[in-house]
Amino acid sequence: MTLGPTLSERLSRARGDLRMGVPVALTLGTGAALVAAVETLPPDRLADLRRIGRPELAITARRAETLKARAYDGDLARIALPDEADVGWLLAVADPVDDLRHPMKGPFHALREGDATLHRAALELAKSAHLLPAVLVLPLPPASPLPEGVTQIDLTGADLRAAAQFTPVVHARLPMEASQFGRVHVFRPEDGGEEHYAIEIGQPDRSKPVLARLHSACFTGDVLGSLKCDCGPQLRAALQQMGEEGAGILLYLNQEGRGIGLANKMRAYALQDQGFDTVEANHRLGFEDDERDFRIGAQLLRRLGFGSVRLLTNNPKKIAMMQAQGIDVVERVPLKVGQTEQNAGYLATKAAKSGHLL
Ligand SMILES: Nc1nc2c(ncn2[C@@H]2O[C@H](COP(=O)(O)OP(=O)(O)OP(=O)(O)O)[C@@H](O)[C@H]2O)c(=O)[nH]1
Ligand SMILES: [Zn+2]
């Protein structure tokens with residue numbers, strides 16, 4: 001039926017459900033499970049899930065490492081839910097905020113038998129909903145009816161990491177401090193997800209390499225003038241250079257906090273105040289250092305007619321990702337601005353652990 005939602009639309013709906021604390025149903029072959037995000041799960045829904053069966057807690061191997069739980073599935077750990085565990089217990093496992101005050105969480109009974117495919121998909125969904133990567137998974141016996149009204153996703157043949165396709169929605173002129181000749185383009189994915197923007201300066205010649213910047217959203221740096229990172233000065237310096245050269249393209253990608261969302265980035269900041277660096281903080285939360293999908297940037301550049309760039313960046317991974325996605329990076333243009341006393345440690349960590357060029 002053409003009126004019903006497609007797989008990617010269902011996934012988007014499922015993200016909304018998880019953010020609201022509503023469980024979703026994942027199925028794969030004869031297997032099925034109800035899934036809820038720990039961060040948003042209300043006590044009455046936990047009680048309902050317990051009435052149906054025995055929920056399991058899934059966390060990423062990154063979080064499991066901090067908690068000293070065994071990750072038998074490699075990239076994730078499945079933990080049996082103790083009888084006395086309530087939403088407070090679940091949150092304490094998911095959220096590292098009080099790890100230092102309560103270092104002895106556990107011991108955890110990690111599960112070894114059975115299949116982790118649905119757990120893995122559930123964690124992927126929670127991450128893409130910008131929730132903490134911790135989910136309750138309630139396996140359902142084969143052929144048992146799924147609760148009415150619950151969003152159902154059949155994962156057979158599904159690729160949760162498939163790149164969304166973006167469509168240009170509108171573009172309009174925007175005179176800016178950096179250039180009189182600015183133009184903002186808005187791109188929207190077909191699945192109801194995050195929109196991204198392209199800021200075109202002047203009228204870049206599509207047949208030549210364009211001065212380009214892929215900027216990931218940083219609310220704290222771009223808007224608030226945070227001294228903890230260099231994002232705001234980088235954003236303005238990139239636009240200024242494009243203005244001076246008379247042409248350029250800046251992608252403003254809504255991938256806040258290297259793709260973990262603002263709430264999780266603020267959790268990471270709270271951990272940084274406890275002494276962890278930017279990479280360690282992500283790991284303790286259960287994320288990888290960088291959860292961004294750089295395919296989006298490449299797709300938008302292509303849609304705008306650019307195949308070749310002079311990329312403003314200090315991040316060699318961005319260059320490699322663009323090349324891998326078929327965008328020719330003919331030159332790296334360094335972007336070194338905004339060093340402060342407060343971000344010296346952050347920038348040093350990025351150089352030491354993430355390979356950033358100094
Ligand atoms: N998770 C997390 N994200 C952060 C932190 N500090 C800044 N960010 C985010 O990091 C991203 C920085 O993006 P970019 O400006 O593209 O930086 P980059 O990958 O270092 O590469 P270049 O600036 O091009 O060299 C933004 O999304 C910020 O919100 C942090 O401590 N933790
Ligand atoms: Zn920043």
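Cβ atoms are placed via backbone N, Cα and C, with glycine included.
TrEMBL annotations: computationally assigned, not manually curated.
Since the structure is predicted, the reported quantities are computational estimates derived from the model, not experimental observations.
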**Complete:** Of GLN234, GLN339, GLN342, the one that TrEMBL places in the same GTP site as ARG213, LEU214, HIS215, SER216, ALA217, GLU256, GLY257, ARG258, THR278, THR313, LYS318 is GLN234
**Item:** Proximal but sequence-remote residues of the same chain as CYS229 (Zn(2+) binding site) (Cβ under 8 Å, at least 6 apart)
**Value:** CYS218, THR220, GLY221, GLY338, ASN343, TYR346
**Item:** Listed in sequence order, residues with CB under 8 A of ALA217 (GTP binding site) and six or more positions away
**Value:** TYR252, LEU253, ASN254, GLN255, GLU256
**Asked** Restricting the comparison to the recorded positions CYS231, ASP290, ARG292, which residue's C-alpha is spatially nearest the C-alpha of HIS215 (GTP binding site)?
**Response** CYS231
**Fill in**
When each of the binding-site residues ARG213, ARG258 is scored by other CB atoms within 10 A, the minimum falls on ARG258
**Asked** Just checking: which of the recorded positions CYS229, CYS231, ASP290 have a C-beta under 6 Å from ligand 1?
**Response** CYS229, CYS231
**Prompt:** Do you know which of the recorded positions ARG213, ALA217, GLU256, ASP290, ARG292, THR313 end up with C-beta under 6 Å from ligand 2?
**Reply:** none
